[in-house]
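Structure first, commentary second.
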Amino acid sequence: MCNSNVKSAAAGVAQIDGRPVLQPAGNRVAPTPDAARPLKKSLHKSFSMPASYDNNNAAYAAPRPAPAEKAAYLPPPTPAAARATTKAEKSRTTKAGKKAGAAVLPVVTFAALDAFEPAGSIAAAQREHVALAQAQRKQRIAHYGRTASFSRVEGRVGTATAASPTGHDEKRCSFITPYSDPLYVAYHDDEWGLPVHDDELLFEMLTLSGVQVGADWTSILKKRHFYRETFSGFNVEDVAKYTEKQMASLSADYGLDLGTVRGVVNNACRIIEVRRDFGSLDKYVWAFVNNKPLSPSYKYSRKIPVKTSKSESISKDMVRRGFRFVGPTVIHSFMQAVGLTNDHLVSCPRHRVCTSAAAAAGRGN
């Protein structure tokens, strides 16, 4: 009895669900004051703690501000939040207006949303940047497709356009551009594609077509007078008589490759042999096309080939006869230059001129 009384007095009695329960003295916890309670983990909840959180601080005991006073401390809404709020209010107003038969409010534009943004905000700067970029792009593409602006560029051809013998303002072949050399433009308008029946001119164009490999026609045309001086005006008989000493001297004086000089002299000798067999170089080369120029009637420059089956057949026969620098590509360039094929585009005025010249030459024969 004495031991049970001591235990009861030492343990103490606690109430759990209205029933007395013995509790050891070591398990009892002293009540914690309000000031010692830990802060809540949520930062937003800590700002909304009641005024009784700290009785010693009079600031927490102040009355809560009115809704209008709260709005003064809130940051300005972002454009996305403003648009969402505006759409929601407009939707509610529209539904209410339809039910009550009232007028529907006008749609809020982006200009009205600018009032929600403070001056110098990132969104406003981005919109200004986009508007400026669009304005600059419109200025860049404003002249697209206009003839007036192209005429300013076309005028750069200058004297080459005025020197055109056709007198037409039609579009030339597309490889003649406003930036083409006037000498090259004049060659296109005066010589390229016209039928040639003179042996010396045929010999000259065959030589120029051979040395043109790896270069362009403009550079070859600028050196044309040097080639004429070197090879005696492309007189076949005179060139065929060049000695080895003369060839070496011409190579040194005019800065030409010695192999090129030897090849031209060799071709002159072969032309003399062709004259014995066919009467002239003119009859020999024009026999491959039956004395009538080929007219493929190309519409686009990209369709013009660098060689054809006809140029390959002529090349094979000339190689068999001992000619040099007469590959299929060189022979096709030679055919274009002397009018064996009319490779002017059908849109070029020179196409009709070359066709008419070929027809007149055919009637003369």
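Any Cβ shown, glycine's included, is placed from N, Cα and C.
Here's what TrEMBL has on this protein:
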{"type": "REGION", "residues": "22-43", "note": "region 'Disordered'"}
{"type": "REGION", "residues": "69-97", "note": "region 'Disordered'"}
{"type": "BINDING", "residues": "CYS173, HIS188, HIS344, CYS348", "note": "Zn(2+) binding site"}
Do you know which of the binding-site residues HIS188, HIS344 has the most other C-beta atoms within 10 angstroms of its C-beta? HIS344
These are the binding-site residues: CYS173, CYS348. Which one scores highest on other Cβ atoms within 10 Å? CYS348
Write out, in the order they occur in the sequence, the residues of the chain not among CYS173, HIS188, HIS344, CYS348 that have a C-beta within 8 Å of the mean position of the C-beta atoms of the recorded Zn(2+) site. ARG172, PHE175, ILE176, TRP192, GLY193, LEU345, PRO349, ARG350, HIS351
